[in-house]
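Asks: Attaching a single structure in structure tokens format; questions to follow.
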Amino acid sequence: MLAVAGIPLFFLESSFGQFCSQGPVNVWRALPIFQGVGVAMVLVSTLVGIYYNVIIAYSLYYMFASFQSPLPWSDCFYWSNSNCSLTPRGTLCNNTLAANWIQSPSEQYWDLVALQRSSGLDETGPVVWHLALCLLLGWLLIAAALYKGIKSSGKVCMTHFLFVCDSDVRLSISLQPVKLKLFGNFTHLLSFSYFIFLPVPKHLCSMEVSEMTEKCIDVVYFTATFPYVVLLILLIRGVTLEGARDGIEFYIGSQSNLTKLGEAEVWRDAATQIFYSLSVAWGGVTALSSYNKFHNNVFKDALTVCLTNCGTSVFAGFAIFSILGHMAHVYGKPVSEVAQAGFGLAFIGYPDALSKLPISPLWSILFFFMLLTLGLDSQFAGIEVISTCLQDAFPERFKSKRSIISVGTCAILFLLGLPCVTQAGIYWVTLMDQFCAGFVLLIAALLELVGVFYFYGGNRFIKDIEMMIGTRSSLFWLWWRACWFFITPAVITVILVWSLLTFRPPSYGTVQYPAWGVALGWCMIAFCLIWIPLVAIWKILCAQGNPWQGSRVKVSPHCSRYGFPDQLVLGRGLFSPVLNSQDPWKS
């Protein structure tokens, strides 16, 4: 999935964002009829940001709860009920019905203390205040980190260009100072043999034209590197425990359940996880890469990030399953009965395993602090998507108010996330996770590929990339052409159709969702996707001329993405000076 979907999409989005220096909405000014795809990505980022920070709140709560010995979920304390038992279910008794009712301390702590979980989505219950406070703290941390996340780092100013055209006609064009946000160093903008740009010296400029930006990433450095330290510590501790071998074999060995590969849900979850971990198809890559220098080697970055991400996931698996193997050894059960999916692994299974280790509070603090840093790192990208889009949409109004945008966005998302910290909050989180994060990302990724490579033009896009990283051989582009044009769209389409045909209503454990909850989930999907056709229709109707002509114009690359005035338009994949043309797209 990484090779045929993750890396090609990451390379595509990072190139698109770096070349245009715009967020996921404005980047589609090159293809205005597809601008709704960018809107859908921003809406997904918003919905994901609402519930994802609730998971950060869970991590904060468990981290604070770990500052006591023994760990509160290590035994059946005062908060537990009569179904709590330290004895493994399989050895408790022969009565299957009774055994099914038995819960471990970590299960009951999660349900009764941390979540105070209600019986279902119909029973909302009051706000769980310790989670609400942790949610507030999570948003405060994000707001503080992003308060001055973007800073000015340079200025470029030009008022004249000298064109040397391929027809040997020299043409001097005087331009009013315009904002050229796109490129950090305009002198190295283009290197086509057809023409040359010669900027006027900076001291002749009368006003500021462009403001280069770069990411201030001190906090991100820490949140990105600290998890590796924790994973290494947990791995070293895990492999020294009894039963670690069984856990690793279950993870990647003879005990692995390969029959799961025949389930559509597994492949959809795999694609969703790739999109999540790489931030593709929901605007994160495009937004962050828009701050790159124009000649940054985007191919090298894409390959490095994707392979590092994959290696980290594999590495983390060894750290997790070695300790789960020890837990299975202690309980005398197969690893498959100990390992849980989703929230069960992070907040039930693994905390239970950590409670069995010596100095368990230390390991627990490290683990949940690692989850906190990972969650914050993901949220930085999500908030960056929203902030970048607002700045791109209203540059004059929000140019110098980025801090206000970040803080305001965090405040609004905190209020929207309060239903997720009620007693029915876990049901809302699961509902949003299963609906918003899966189908919408797949559809957005598919339309992104179709728009860029079948409407904008794959060859033209490759030329754009070569403007940034230099000319490459046709052999170099062979694999990327195959992925972008055929393999990746085909894989995404198969997963999408397969998932729709085998769709099962969401559930949380044994709790089934009511019909109105499932309908609400589909409404969230529709709310994100409806903007794709609406924006396309609006762009066509707003175009000059007849509808067919308007459609053709609006899917043509638009020069405004380069920051040039409208008189300079794109022709034959290159820039050509066209002055006062009523319909330049006819040429």
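Counting begins at 1 with the first residue displayed.
Every residue, even glycine, has its Cβ placed from backbone N, Cα and C.
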Asks: With Asn309, Leu374, Asp377, Ser378 listed by TrEMBL as binding Na(+), identify the candidate in Ser254, Ser277, Ser406 belonging to that site.
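Replies: Answer, per TrEMBL (Na(+) site with Asn309, Leu374, Asp377, Ser378), from Ser254, Ser277, Ser406: Ser277.
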Asks: Determine, to the nearest whole angstrom, how far the Cα atom of Ser277 (Na(+) binding site) is from the Cα atom of Cys84 (disulfide bond).
Replies: 36
Asks: Could you name the stretch, out of 33-61, 127-147, 219-236, 435-457, 478-501, with the greatest number of CB pairs under 8 A to the transmembrane segment (404-429)?
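Replies: Result: 127-147.
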Asks: Compute the mean position of the Cβ atoms of Ser277, Asn309, Leu374, Asp377, Ser378, which form the recorded Na(+) site, and then list in sequence order the other residues of that chain whose Cβ is within 8 Å of it.
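Replies: Going along the sequence, the neighbours appear as Tyr276, Ser279.
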Asks: Residue list, the transmembrane segment (127-147) vs rest of chain: Cβ under 8 Å, 6 or more residues beyond ends.
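Replies: Long-range Cβ neighbours of the transmembrane segment (127-147): 53-54, 56-58, 60-61, 64, 114-116, 219-220, 375-376, 379-380, 383-384, 387, 403, 406-407, 410-411, 413-414, 417-418, 420-423, 425.
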Asks: I need the CA-to-CA distance for Cys76 (disulfide bond) versus Ser378 (Na(+) binding site), whole Å please.
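Replies: It is 35 Å, counting Cα to Cα.
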Asks: Need the DSSP three-state call for Ser378 (Na(+) binding site) to compare against my parser.
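Replies: SS state of Ser378 (Na(+) binding site) = helix.
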Asks: Report yes or no: does the transmembrane segment (303-324) come within contact of the transmembrane segment (219-236), defined as 3 or more CB pairs under 8 Å with a sequence separation of 6 or more?
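Replies: Answer yes: the transmembrane segment (303-324) meets the transmembrane segment (219-236) with 3 or more Cβ pairs below 8 Å.
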